[in-house]
């Protein structure tokens, strides 16, 4: 080969190398960045600081950013959903949401779709839900909030010191969970502390849960759930881009555009207009029995396989998954086993549905009880 | 480049323009110059020759009936969409596209976005692929490439001219669709503030600005495709081969995108980024940098491949 030829073809090869490096650089840098920039903390210190920061600021600081949710549960790919808003769609693939957070009562969440966008805008006592797909603006009437309702940790942070909160939490958790802290990780370009929770139970499918807290203001930036035997998180939700500064005011101002349908709805009716799922859900919740505790809890609930309502997308998806289930049987009877990376479910022929983040063996054991 | 000289000097096919010859003729034109494979444009005579060549190239492209017909057909599509929307109405429109159609009935500017989202996946790429895929292979096929190379232009410069020509056509295709849609929209539908996908309403002028952003983005996407077609065009002397190969690539990538199992592949495929122009319809304007970076990467990769191939190729026709 002539020297010129080699030199010439070196240019596109170099271009490919540069592009490849640029594409691959993100994850590699994240994995290699071993230099801890944050001081070391124990889990108790970290939690205490986080609780103190939340208490002092009275909530997370003003911020905006992009949140990405990725799930690779090992489910069979579901048929394409009409709208990305369907909760089932969140079970596979990756989804992006834009968030603007001004204060406790100023929030905008946008779900961009192909040539469409769904928005939830909370501004003071006004809450709007805008769906460009149906050209509908919905004014949401929130149910009257019970006074003193705290969305955060169960033991109210007001009557405990942050240290106490941290210790209470760790005591409760320590029985079946290993807790550690790393200070080397980075999320959305910010140094974070990662609180790593590792289940001690052998039969749990969860390897570890990683909660990333911002190194400066302790805002949770990412949650990752790792399944046993895989290096990639089975479920992940976190910021891919975040800035801690008050977002522009116009993000929270919403007036229904001219020509749009304007509706008014109660909070509970938002998801499925017409169908009231809350009653069914309540009824189902009464029948659920939880066996075991901690990471190895298994939910047992009655499950009826009926031939009705097959038209709905959810039913079709459920059927698709059931078709791929493996039949199992034992002394307890027989049924169909669905195994994903994180969750195992067993549908017995006598009409029980058992589900939990446990190994199939554990599930069969519970079924036999 | 003495090595090349000795190699091709011995046996000589009639009508063959070897690599070294093109270089020599290019070197003669700009005498006091380092013999360079790249043959960069010279500050004085080179630049003039370059622009003259580009002007004549553009003249040929935009006078060619085939290209004008393609532009005309593309510009006709928004007219048809507009008339259909006006006469049928959009009451029973449903779903994502339906809402966009419904929005068109309320505002003239939206027709541009409807027309672009209908044409960007396939029809506009076909037009661009025809011109860019024809650029080198077509000259080779009709036997005019060696005359072009006999003129003191240099191969790198000829390739640059051909690519800029294809880029100009990409912009023309996008502009033809946008302008036609704009005119039809203003004639048929109410003119006024525009409702964005985010539900925010912006002024008509802001809407026009957003159309300009969209045209720029879509043109960049088509220019990236033109680079791919140009690279394929340097591989063959049959222009229909290069055009067909580009079309097959477009269709295959579009099909691949339809499989949810291949979602991980989608960000690397060119057509995925074409539809990213809907970012111009969000408030604040959506992040289009990812798409633009992808286009740049495609252009860099395929232009350098085209150059490496073309500057080392013996032209036999």
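Counting begins at 1 with the first residue displayed.
The backbone N, Cα and C atoms fix where each Cβ goes, glycine too.
What TrEMBL says about a protein is an automatic prediction, not a curated fact.
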Annotated range (TrEMBL: transmembrane segment) out of B:239-259, B:260-280: B:239-259
Of the residue ranges B:68-89, B:134-155, the one that TrEMBL records as transmembrane segment: B:68-89
Interface check, the transmembrane segment (B:291-310) with the transmembrane segment (B:209-232), three or more C-beta pairs under 8 A: yes
Recorded stretch that, among B:68-89, B:109-132, B:163-189, B:239-259, has the most CB pairs under 8 Å to the transmembrane segment (B:209-232): B:163-189
Best-contacting stretch, by C-beta pairs under 8 Å, relative to the transmembrane segment (B:109-132) and drawn from B:68-89, B:163-189, B:239-259: B:163-189
For the transmembrane segment (B:239-259), sequence-distant contacts whose Cβ falls under 8 Å of one of its Cβ atoms, 6 or more beyond its ends: 121-122, 125-126, 129-130, 132-134, 136-138, 140-141, 225, 228-229, 232-233, 265-266, 269-272
